[in-house]
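Below is one structure, written out as structure tokens; comments come after it.
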């Protein structure tokens, strides 16, 4: 079909009139395929039985060639056992929506978006961000929701759709695991600050001789910092909390016992959240999704009433229109969209795989993407209103009190809270409790993806034991991030394990689904599942805009790549080598997955095996027998 016809046409099907009748080539006999997916002892129907190579295609009653035999065989696992049709599901559709909101609305919205917008044109940054969200973020989000729900499979098993690229799922698992291990270390620091906020006086508000030096200046006093001096909140974070090391050439040091306890508590919270699968995490999602908004609005109301707040908000939203022509701004918009919506990590596919087959993920994709954008802007206004007050209090420009990343959460904001004249402990508790709930929501989703991959691969293993093993492994790996050199490792892993590789994997994922599995087949599956006609907007984004734009961004990143530094200092060569090994491990999963799929293929010759791994497996499609039967009929009618 011509390209523009593909974009403009999405064939409608009257499902009620379909009949799953098939004609075996060379005969006039009509037969109905057996679709009892859960019957491990079933006999294959005449249509699904093994055929010779010259009989590899089925035909519909009109005489047209249908799908390859492997695409319409009955569901069967690689080990020969039948698919489990009793997959766990969300107790209520709202739990799925709340969980997706918890996943997408995370720490990145609170400390990453405000600083990214501030550094890339202020209010003008919203234009490229909304463009990227509209033409990349939302279509990718819906695509991942749709394939997960349609197949009821996690981010690895979903590639029964196209076995040749199943390594994408494992690569995403490496990226997800890299992110979740350091994510929990940030939760540990948040817990530490939360516990400290219950003191009669905020401990970072004044310089304590136990950890402060002669260059320390109390946060609580109205003083402007001069060169060489540091605020008490900054020294508290680096000297007391992190015991920060300026050099890791001799090693990262030993974990801090206080943060180790907090890290253990963080993983215990995650274990309790995930131990019963979506039945338990879905209930927790009500709190993790809604509580942050209560705190944000409380802080916004408080912040907006403080002197200097309006100046801070204007500083955040003031547009720099000339920055729109800077490619780095658009690159930052794509990065923020990926980080915020969590596309490409596999968690979205995992969450939607626990949905009812006909759940309206089309609607949810719109709702979640809009909530995510609203939350980012709300967080920016809230944060900068309070930072504006801090700058007003000190009599300095707001850029003097703004820091990015963890510095915004653990230095700039605590510094501002210390200057509150009324109940600073209350607002500190609310702020760090909000950060903790945001962290739990996102970390639970990322960890759930890893657990689901293992459970799908080993269905006979008890999920509670797998969850325990994953949480224990996460705790021990996370200890490296709470050493004196832990922040160095965090930045390195974030750069190599959570950023660059996701671009590559998303490009492969999108092109595999839209060009190899086929846009028309995907649109047909969505139509069958949701009874929704997808228009030219979705098709243009998937087929043209996303592959071209992300490929262009990838080339830009590679050409302008700058190795990460820490406070302007370069890492040891061994550290960069470790980072490239991590990225290489994730990307290597793609060719390894292809070779494994080729190795286990049933066909005899190499050419036949190559062809087979670029076709859907026999078990691809809806899991439930009645849905599968109807879907096979739709496939027959389409061909």
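Start at 1 and count along the chain as shown; that gives each residue its number.
Cβ atoms here come from the backbone N, Cα and C positions, even for glycine.
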Please identify the range among 234-255, 366-387, 388-409 that TrEMBL labels transmembrane segment.
366-387
Range annotated as transmembrane segment in TrEMBL, from 74-97, 578-601:
578-601
Measure the Cβ-based neighbour count of residue 438 (Na(+) binding site), defined as the other Cβ atoms within 10 Å of its Cβ.
27
By a 10 A CB contact count over all chains shown, which of the recorded positions listed here is most packed: 105, 207, 216?
105
Can you list, in sequence order, the residues of the same chain other than 105, 109, 340, 438, 442 whose CB lies within 8 Å of the CB centroid of the Na(+) site?
102, 103, 104, 106, 107, 108, 110, 372, 375, 441
Give me the CA-CA distance between residue 109 (Na(+) binding site) and residue 207 (disulfide bond), in Å, as a whole number.
31
Counting across all protein chains present, how many other Cβ atoms fall within 10 Å of the Cβ of residue 109 (Na(+) binding site)?
26
If I take the Cα of residue 207 (disulfide bond) as reference, which of the binding-site residues 105, 340, 438, 442 has the closest Cα?
438
Contact between the transmembrane segment (329-354) and the transmembrane segment (578-601) (3 or more Cβ pairs under 8 Å, separation 6+):
no
Round to the nearest Å and give the CA-to-CA distance linking residue 340 (Na(+) binding site) with residue 216 (disulfide bond).
35
